[in-house]
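Data first, discussion second: the structure below is written as structure tokens.
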Amino acid sequence: MATDEAVNEMDEVSKAPVEGALESIDQIELEEWYDSLEDVLHRYGPEKTQQLLVHLRERAYHRGVMMPFSATTPYKNTIPVSDQPRYPGNIDIERRIKSFIRWNAMAMVVRANKKTEKHGAVGGHISTFASSATLYEVAYNHFFHGRSADHTGDMVYFQGHASPGMYSRAFLEGRLTESHLENFRQEVPRGTGLSSYPHPWLMEDFWQFPTVSMGLGPICSIYHARFLRYMQNRGLLDTSKSKVWAFLGDGEIDEPESLGAITLASRENLDNLVWVVNCNLQRLDGPVRGNGKIIQELEGAFRGAGWNCIKVIWGSEWDPLFERDYNGKLVKRMGEIVDGQYQKYSVSEGDYIRNHFFGTDPELMELVDHLSDETLEKMRRGGHDPEKVYAAYKAATDHKGAPTVILAKTIKGYGLGEAGEGRNVAHNTKKMNLEELKQFRQRFSIPIAEDLVEKMPFYKPEEGSEEMAYLRARRDQLGGHIPSRKVTSERLDVPSLDDKLFARQLRGTEGKGEASTTSAFGAIIQGLMRHKSIGDRIVPIIPDEARTFGMESMFSSFGIYSSKGQLYEPVDRINGSLIYYKEAKDGQVLEEGINEAGAMSSFVAAGTAYSNLGMNMIPFYIYYSMFGFQRVGDLIWLAADSRVKGFLVGGTSGRTTLNGEGLQHEDGHSQLIATTVPPLVAYDPAYAYELSTIIQDGLKRMYADGEEIFYYLSVYNESYDQPAMPEGDHVIKGILKGMYKFKSTDSGEGQQHRPQLFGSGTILNEVVRAQQILKEKYGIGCDVWSVTSYSELCRDSMDAERWNLLHPTETPKKSFLMEQLAGNHGPYIAASDNVRLVPDQLRQWIPGKYTVLGTDGFGRSETRTVLRRHFEIDAECTTYATLQALAEYGSFDKQKLPGILKDLGIDADKVNPRTA
Ligand SMILES: Cc1ncc(C[n+]2csc(CCOP(=O)(O)OP(=O)(O)O)c2C)c(N)n1
Ligand SMILES: [Mg+2]
């Protein structure tokens, strides 16, 4: 509400001289307009005034007056002083606590680098937290809520480079010891030190969300906020009290992932989401927008996207100046200055600021006449003023209907003085000389004796001190420590392989038709969703390809999640048809649209619910395999760091199996990249029974046994006869370990060597065909192995080898691979729809000649038959490679090989697929 004082102020404004375009309008006319405005404001208040102005604008449009679009507001705080709430805490004590945290955060980095200097210092960052200490401390003291019995807790995405500040606070809170701080960035052995950035993989009781790969925290936070609503709307968990906070750098905002999903947040009315952008105007090398204004640019983007945007630009010291800025000249001047110049002011002395900033206009000069140069230097930016920050957080958390972004202006390296404050080198500052340390101590009143300063002791107030009591009381009241990762002890009752949903797949197609592993997967997931004990925990996530995977019936059976339900009559619901595009408030399917990064973010949110919400959820993210690892590889890496659980399902896999789509779609290398992700278990199954066995075991390992791993499954869209699961104990074990003997033919008469053929995915069928050709045409018997996972075999082999290396006098351990191949001498021939490096992982342990066929080179559109010949992985090429290998063993006549090529229809001078 406009107070009388404010109205009086406006009176002054109305009498101010008119500038610019309005000069041509009659003064009296203008006065009348101003008076009307004042009158309405006085009688009805700002809200009604706003409505009236909007109405006037609409009327003007109607009369043909085009209004210029402006998404931004003047360069001042969004919240006027009159609306600023009373600060609920003790600012003095909070300042002291914050100062100790600043000191320890700085000391931690400087000491770690000194300690490790001789061995190549370990690095670290001081300046990011120096600029954001107030932003965090206000939240720690008044907003961040821990997870407790009646509150699912706030989810806080901390800016990665600010981690020393979080460790420093945890030290005061008694969660970390001095020894932990001493070992910042010295993490071996595990548990003794502190990780560089937020890494749940490395500090599993502490960090929840990896953020340091810029842009990923922002997008994950949006989808996390939406996932909280999903849990709520599906009636699974009351998440209504939880907020998602994300602290970002202004430089980080340039990552496309940062802004790429902001409209989802407003479309979904995510008022449980608060972003705090630390606008210190600098990134690593220099200014974020030297010649522009990042805060204004972001305001325009966020307001345009429908966010509630709160600017916190100026500290309280500026308020009296604004109060006297009757004609808006100060605000206008503030709007004229670009960020590069603001950075210059942040390192300049008072007289420069006076002459350069205020000196352009005598009236502005007069505004600051009464202020000393020293005072001018110390006038804070908004992000360093707890009262302004509190006001913004309060408004953000009270806001309804839209997410909030707070654009807080700060100074990078605040308090570091010459060592980096506002300097372009601030980001990399990790050294402080004695003089700088002394200044720091003095500026923040750190109670450390001057002669001890050089040693940079960590400072913790005595137990029972006012500060410790305050710190504890605040966190106790807010539900405990943050960040804090707490894993649920809940174990799910997962279906066994005997359950009908799997048993059906184990029987195969029984000669009644053909099926692909993709369709088998579709049946399995729908069976799981119907399962009585875990059905509601399944979270199917699909970007926009359910129809491609033949899973569209899921839409109507389970509904597509939509916070708004379905406000339209779906076009495909004709004559009461049961299969249609059904959106529902409690829908189970997350249909993310053409947005693999967003879908991956949902996968992470659901797959970490067991630790972040205390409830196991089972995400299956089904996507075009080509647009997985190489498109969102960094998010998959983040998922691994997050200790995610769930299944990534690369649909339409295979360089030659997805035959028509061509170069950009045909994937032959995701299995290779999958190998590089430590907790990821990857399989490339050929048959529905293999797929079932793997999924059942995955469910058991992750949700019944509690292992913190996740899965990657290649599924294909080629239909063929699905065999029944062969008899024998070795089959299930082999499927899970990575290989089992699938089919054998008898050795021919006098056959000296027995070839061992490896096949995976759809190409196993080609290998089986090669086995037949070898037998029928050349009288050679061989064994065919189904290799379900080269990466699992490789990991097991590496582990055995490592153990043997380090225990030279003990009985050597045998890897599963060695056990399987014992007594065989090869030759070995592997064929798959992947690049050669996938089977090549095993080369060093294969006891004989090893020929690997694969799909190295760009894919292209053709029939599967032609493509498999092009890449030389079909049955004929596998047959030939086997005979050629036997020739090298001396058990086949080499001279016959050119004739065999002809016989098999293989052109020796055909194009090389690797370079084609
Ligand atoms: C994807 C990615 N690219 C590059 C980096 C390297 N990097 C680390 S910090 C930084 C600058 C950060 O600037 P800003 O976001 O403004 O944060 P500030 O420290 O200024 O708060 C860069 C480029 C990274 N961590 N992640
Ligand atoms: Mg920055």
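Cβ from N, Cα, C; glycine included.
Remember, TrEMBL labels are computer predictions, not curated facts.
Database features (TrEMBL):
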- 132-315: domain 'Transketolase N-terminal' (DOMAIN)
- Asp250, Asn280, Gln282: Mg(2+) binding site (BINDING)
- 492-723: domain 'Pyruvate dehydrogenase E1 component middle' (DOMAIN)
- 738-874: domain 'Transketolase-like C-terminal' (DOMAIN)
Per-residue pLDDT averaged over the domain 'Transketolase N-terminal' (132-315) comes to what? 97
Beyond the listed site residues Asp250, Asn280, Gln282, identify every same-chain residue whose Cβ lies within 8 Å of the center of their Cβ atoms for the Mg(2+) site. Ser131, Gly249, Gly251, Asn278, Cys279, Leu281, Arg283, Pro287, Val288, Ile294, Thr410, Lys412
Neighbour count, 10 Å Cβ-Cβ cut-off, for Gln282 (Mg(2+) binding site): what number do you get? 31
Looking only at DSSP and grouping its letters into three states, which state does Gln282 (Mg(2+) binding site) belong to? strand
Could you give me three numbers for the domain 'Transketolase-like C-terminal' (738-874), the DSSP helix, strand and coil residue counts? 53 helix, 23 strand, 61 coil
